[in-house]
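First comes the structure, then the notes that go with it.
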Amino acid sequence: MIEFHDVHKTYRVAGREIPALQPTRLNIQAGQIFGLIGHSGAGKSTLLRLINRLEEPSGGRILVEGEDVTALDAEGLRRFRQRVGMIFQHFNLLSSKTVADNIAMPLRLAGGFSRAEVDARVSELLARVGLSDHARKYPAQLSGGQKQRVGIARALACRPSILLCDEATSALDPQTTASVLQLLAEINRELKLTIVLITHEMDVIRRVCDQVAVMDGGAIVEQGDVADVFLHPQHPTTRRFVFEAERVDEDERHDDFAHVPGLILRLTFRGEATYAPLLGTVARQTGVDYSILSGRIDRIKDTPYGQLTLALVGGDLEAAMSQLNAADVHVEVLR
């Protein structure tokens, strides 16, 4: 578990104090993929780098697996960082070293490994990230996705229990992003690693994360299960991220329905309810007619969900609303 107890960070610039992270309390459970999302300057990179003390906190306590990281001396911090891997937006590979040598670097710096042990570990990691045929290549000979896979392999070299991902997919095209996210999900599942990633894309959170914290102005403004936050956003910042991910402007969508008669609802289905023939049943039993104005079915990690915007007219509208609410469907009245 990673715990933040009133952790905050302030920079001093030209005699002025600039807060980067407001006092923050946060719990990240072991084995989760935890996402931090926010626009530039929201404080997410600062928070991530506080975990392994690449940034020093101005106050508060950080506990990782029960150990007070803020109290570690230089030697204790060095040993602790061997348990925390990190991957970066721009890969940070050594251009003069081969793929194999880049992956081996943390093992050689840590010491205590024979050449045979290093070579065996590098071969194992190359196979895990799908680059067994690229050991003798140099970074300049690789695609962006391949470079990031090398970065992931290097981060795993010392068998960490935590993996920090600093905008690991923002420099990649959509197809490569999907493959890297799939690799991270496999690593989390098979190695039981705790992964903390930061991003400015809600789609990245939706694909792989279990929990999410939304950041704005150096503070966590919303936090919870990804499905709950994605499907029922409360804070304006979260709502903007969700509607950007859906490529829908909320105000324009409401304007599109101005001419539509009846009660306009947005229904959100989750899990098995996504595929249930609910609307037909409600219409038959209550005598209402409905028009589907928009709809989509997608997945949040492994959970299917559906969203429908529809207009109800005629019949017993109150009974229809009651049946929808009773069916474990989230109902939002738009008009």
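Positions of Cβ are set from backbone N, Cα and C atoms, glycine also.
If you check Swiss-Prot, you get these features:
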DOMAIN    2-242  domain 'ABC transporter'
BINDING   Gly38, His39, Ser40, Gly41, Ala42, Gly43, Lys44, Ser45  ATP binding site
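Recorded features from Swiss-Prot, shown on the structure.
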| residue | record | Cβ within 10 Å |
| --- | --- | --- |
| Gly38 | ATP binding site | 24 |
| His39 | ATP binding site | 13 |
| Ser40 | ATP binding site | 7 |
| Gly41 | ATP binding site | 13 |
| Ala42 | ATP binding site | 24 |
| Gly43 | ATP binding site | 24 |
| Lys44 | ATP binding site | 27 |
| Ser45 | ATP binding site | 21 |
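What surrounds the ATP site, by Cβ distance within 8 Å of the Cβ centroid and not counting Gly38, His39, Ser40, Gly41, Ala42, Gly43, Lys44, Ser45, is the set His200, Met215, Asp216 from the same chain. For the domain 'ABC transporter' (2-242), the model gives a mean pLDDT of 94. In the three-state DSSP classification, Ser45 (ATP binding site) falls within a helix. Secondary structure at His39 (ATP binding site), as computed by DSSP, is coil.
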